[in-house]
Ligand SMILES: Nc1nc2c(ncn2[C@@H]2O[C@H](COP(=O)(O)OP(=O)(O)OP(=O)(O)O)[C@@H](O)[C@H]2O)c(=O)[nH]1
């Protein structure tokens with residue numbers, strides 16, 4: 001910024017006539033000035049320079065010595081020190097010793113151009129005009145104090161680097177004139193004050209910091225000692241020492257819980273906050289439990305199971321028909337995989353997914369939709385393998401069981417036999433003193449169907465099934481498909497809350513807004529309460545049956561969660577999902593606090609299945625209870641694998657093999673299947689696994705075969721078999737099995753293996769060798785040596 005100064009003011013301040021100011025400046029700049037006019041900084045600088053030189057002291061020593069001179073008012077500028085030019089030169093001069101100054105005080109003629117260049121004035125001036133300047137003498141004449149230099153120099157003060165100031169003062173010669181000192185003192189005080197203020201300010205800030213900066217740290221549920229130390233801004237050693245003072249020994253890598261860490265942190269006077277990690281799920285889904293006051297009764301959700309051809313579909317049809325005749329509007333146009341029927345004033349929701357496979361497959365995905373399972377048993381057929389499976393699947397899911405003894409219209413119907421058979425599977429009918437309702441029905445004649453419905457309603461009342469309709473809808477996907485026109489269509493069962501048209505929901509990795517919503521009769525509806533099955537469109541992709549869904553407020557967050565789930569699913573594909581296996585049982589017991597080992601047993605005959613089941617259940621110990629959730633006969637099927645998958649069980653096969661589908665399913669789901677031929681081995685393995693001592697499996701690796709061509713008896717060595725290696729190789733450290741006419745005679749180790757007279761490590765195919773065995777000597781010509789080694793392996 002270019003400052004303008006009034007010439008009259010400048011003259012006044014410098015104590016010289018305005019005319020002199022003009023006369024001094026004008027020759028250099030070449031401009032004409034008026035007394036009442038103004039000029040800029042450069043002119044002022046030049047004026048200062050000239051006046052300073054004119055009033056310069058001959059000798060600084062003399063000047064310093066002349067104490068009285070200080071009183072003499074001199075019309076010299078004294079603000080020079082603050083002018084840029086003066087600033088540039090003054091420190092040089094001040095730093096010089098007086099002698100040096102004297103040496104250098106040679107007068108020198110400086111041309112006006114030089115001076116102008118010095119002062120930064122570019123305007124050409126007459127070369128002849130010369131000003132007598134003594135450069136070495138450029139000094140601050142501080143004797144005149146009348147000049148109000150601050151007026152001109154305030155901006156320099158502001159710009160002045162306070163760091164330079166102390167030096168400046170330090171370099172000031174002592175014994176200056178009083179006024180000089182005074183002014184300097186004043187300035188010194190001024191700067192001193194500023195510095196003091198700065199120091200005070202820093203001190204104050206530090207004090208404040210110390211006071212307020214009581215360290216605030218957040219500690220998660222668990223934290224390592226090292227991490228705690230770093231959050232406390234302490235060394236780990238100090239924190240460990242603090243633990244020791246409190247009577248706890250911890251290493252830096254040890255993990256301590258929140259309470260312990262908080263105690264230590266408080267010892268360091270830190271303020272502790274509990275660090276809570278909020279997952280997307282926690283932010284997205286309603287976390288509060290429903291208030292008891294908000295809960296209202298909801299219809300029971302029922303599924304029908306049973307052996308093939310015992311009449312599941314027929315019963316469901318009969319139920320629907322009963323309902324239609326009862327005047328249900330909308331007719332029989334049941335469009336979706338779940339529907340509601342009325343029994344009296346009550347409503348029952350049926351899942352139209354007959355069979356325990358679908359039921360368990362859904363359960364495997366986390367959906368526990370069913371409250372009651374109707375077990376259909378044909379009165380003429382009695383309990384069949386799939387009936388047993390159904391019983392076990394229902395038990396594993398902990399659902400209420402009602403038995404429908406079907407085909408009662410048939411003359412061969414024998415309900416009593418069915419009841420009797422049921423007791424073998426711990427299902428005791430009511431009329432035999434148990435708690436399981438057995439309702440005789442006929443899907444063909446419709447007999448007993450209403451009794452069955454009434455019974456379902458009764459059981460539901462006892463179960464006090466309740467839900468809160470005044471919350472965002474959540475539930476499970478019953479089934480889903482892709483429609484060419486409408487995109488993904490999903491049948492959902494609302495389990496709690498109310499789902500509205502337009503709601504945003506997430507089901508597994510599928511997100512979207514409910515575009516259309518239809519009930520089980522195909523009617524458009526706008527909202528669906530608890531236990532209501534609906535068919536919706538609007539999802540981005542087809543969710544899997546059994547997937548849980550929930551309506552959410554934040555669609556963006558829901559999409560984020562869907563992405564996260566997709567990524568997790570991919571990760572799971574790569575990292576094998578750790579299912580319980582006998583190999584990892586012990587670790588899983590420790591890590592997951594396992595209290596129960598569920599097992600599915602399959603055997604060749606019922607007798608062995610029962611025997612295996614009982615023997616296994618007996619080996620329960622204090623930590624883990626072995627529970628056989630299903631013991632069946634026949635090859636291991638897909639249904640067994642899905643049951644094991646849903647219940648995190650292992651499968652034990654006794655004299656049976658898995659079928660191809662089950663094998664593939666087990667591989668995919670990571671369900672362990674172990675096959676045994678001896679019950680004792682199965683029992684041993686399970687009990688060893690429970691103790692964490694499961695021996696590794698051992699298999700035989702065939703190395704080669706050799707045929708005995710000749711037998712020599714040598715007194716000092718024993719029996720030597722002269723052999724020819726017919727396949728593979730014979731190695732010195734391997735085991736040998738002696739086979740004679742297809743019968744294994746013995747297994748032994750090789751005592752010596754020689755090629756001619758030399759010891760050999762191994763002999764390859766086509767070569768001859770001499771073999772002696774460690775124990776067995778009755779070797780005969782024509783015997784075959786099978787060479788093998790045993791190898792440990794894990795599945
Ligand atoms: N007599 C008589 N026959 C019945 C009754 N219920 C079902 N059936 C017959 O039994 C056969 C099988 O019935 P479904 O309803 O298909 O049996 P399901 O259990 O659903 O069979 P899957 O779907 O193959 O598992 C059909 O031929 C029915 O007509 C009944 O109460 N009485």
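Backbone N, Cα and C define each Cβ position, glycine as well.
All TrEMBL annotations are machine predictions without curation.
Listed in TrEMBL for this protein:
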BINDING   306-313, 352-356, 406-409  GTP binding site
COMPBIAS  69-111  compositional bias 'Basic and acidic residues'
DOMAIN    297-466  domain 'Tr-type G'
REGION    58-115  region 'Disordered'
REGION    158-199  region 'Disordered'
REGION    300-448  region 'G-domain'
| said: As a check: which entries in 309, 353, 356, the binding-site residues, place their Cβ less than 6 Å from an atom of ligand 1? | reply: 309
| message | Cβ atoms within 10 Å, counted per site: which of 309, 312, 356 has the most, among these binding-site residues? | response | 356
| task | Check each residue in the chain of residue 353 (GTP binding site) that is at least six apart in sequence and keep those whose C-beta is under 8 Å from its C-beta; list them in sequence order. | result | 303, 337, 338, 359, 362, 478, 479, 545
| Winner by Cβ contact number (other Cβ atoms within 10 Å) across the binding-site residues 306, 408 | 306
| Residues in the region 'G-domain' (300-448) grouped by DSSP into helix, strand and remaining coil | 48 helix, 37 strand, 64 coil
| request: Check the region 'G-domain' (300-448) for me and report the mean pLDDT. | output: 83
